[in-house]
Amino acid sequence: MGIKGLTKFIADTAPNAIKEIKIENLMGRVVAIDASMSLYQFIIAIRDGDQYGNLMNESGETTSHISGLMSRTIKLMENGLKPIYVFDGAPPELKGSELEKRGEKRQKAEELLIKAKAEGNLEEIKKQSGRTVRVTKKQNEEAKKLLTLMGIPVIESPCEAEAQCAFLTKYEMAHATATEDADALVFGTKILIRNLNANASSNKNKNKNSSKRGYILTEINLEQVLKGLKLTMDEFIDFCILCGCDYCDTIKGIGSKTAYNLIKEYNCIENIIKNIDQNKYQVPANFKYVEARQSFINPKVLEKSEVKIDWCEPKIEELKTFLIKEHNFNEVRVTNYITRLLKARKVTTQRRLDTFFTTCTKKSTKLIIEESQKEVLKTKGKGKKREINNDSSTKLNAKKKKTNVKDEKKNNEKVDELKNKSDENLVKDEEDDQDDYDQNIFDEKTNSESGNIKNENVKEDVSSNDITMDIPKCTNDIVC
């Protein structure tokens, strides 16, 4: 679920904290990805046929998560991004009540799905299918194996994946956390990226002009959130608990706006409870806000010394066996994936170097042009001054003026030459970028039947092999 209404409240109250970015803005960046959330999105988005069933192998086992994960990971790498996938561990005890509620919702959705199938209601089938999707323990293990064979770093969190992702940004081992769960901000991630997998498949019904905007992501900056809301991190955590989180109930009658006003006035939940009208606002009998607060401040995560991040060479033959023999993927398709994977690994490194040197070259050229222009103006000024102050030496002044004009002409030629050179570099860079972009575009059959993404966030329970959630419509050199 994340934090109820948090993203909208931030957008309304601290708009400078949220901005749209293109995936190109993450070129060369290490991004920690909430793997469980990604798998759910792939399973719900990649469907086969009108009945919205998952892609399956010959044994009837779902392969949508494998297809989606492989395709999206390669796509991210082709755009210069360096992904780290973080998997959930055991859910915290405080989350037990929330998991029970999710189980009840899933059971209700399964009943509605059966009814919709009996009636042939395709729209309802599509809606309820998404609500009954589960990411099993086996699917998680298959995803880990796939990523390992591809040479992509995999981290297994002792508890919540988004908490581990957040701490990777604190350790400066990652630039951002990619998840739809806004509670990553409460765990302290410096940057939250949403919609990283929103375009995991092409939707036949999406706006035809949307592709012109590029691959748009949402970036939320925690520092700007706190600055915009004028809250300390401790106050922000208490505010989010009052809004509604996975770890405890909240005070009835208090939404995000009221919670914010109360935190601004009283600073913490303890003071709020002491001062509010409890006839108007019902405080839960067993309000575990202290435990929830500690879960956000000191979550169960791997320490920096325990985290190992290695981008390894892909194990090509093992990868082929896993995809073709074990999961019945088309051999031609797999060969294409592997070719793109190997190329993307080179592109990721090369593009980072190209970006560095191109940036330096452009900057240096610009500075040289500016300095040359200043020299021209300086020369002009000196020439005029000599003419005014040296009337007694007319012939000498005339000679100097002639020299100045000659120098000015020479400097102007130098400026023009540098400008032309700069323009040529810029054009070349733009052409190279377009070539890279064109090479990244691909159309996969498995991605043609995507489900609509809904605006509600819920997390996975790995230990029970179960989740229920809806996907939102809408988000140093390592280099972090």
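Placement of Cβ uses the backbone N, Cα and C atoms for every residue, glycine included.
These figures come from a predicted structure and were not determined experimentally.
Binding of Mg(2+) 1 is annotated in Swiss-Prot for Asp34, Glu160, Glu162; the matching candidate from Asp88, Asp234 at the same site is Asp88. Cross-referencing Asp246, Asp249 with the Mg(2+) 2 binding residues that Swiss-Prot gives (Asp181, Asp183) picks out Asp246.
Per Swiss-Prot, the listed range annotated as region 'Interaction with PCNA' is 349-357 (candidates: 115-123, 349-357, 367-375). In terms of C-alpha distance, the listed binding-site residues Arg72, Asp88, Glu160, Glu162, Gly244 place Glu162 closest to Asp183 (Mg(2+) 2 binding site).
Confidence over the region 'N-domain' (1-106), given as mean pLDDT on the 0 to 100 scale, stands at 85. Counting Cβ atoms from all protein chains shown, Glu162 (Mg(2+) 1 binding site) has 31 others lying within 10 Å of its own Cβ. For the pair Asp34 (Mg(2+) 1 binding site) and Asp246 (DNA binding site), the Cα-Cα distance reads 17 Å. Here the CA atom of Asp181 (Mg(2+) 2 binding site) lies 13 Å from the CA atom of Asp88 (Mg(2+) 1 binding site).
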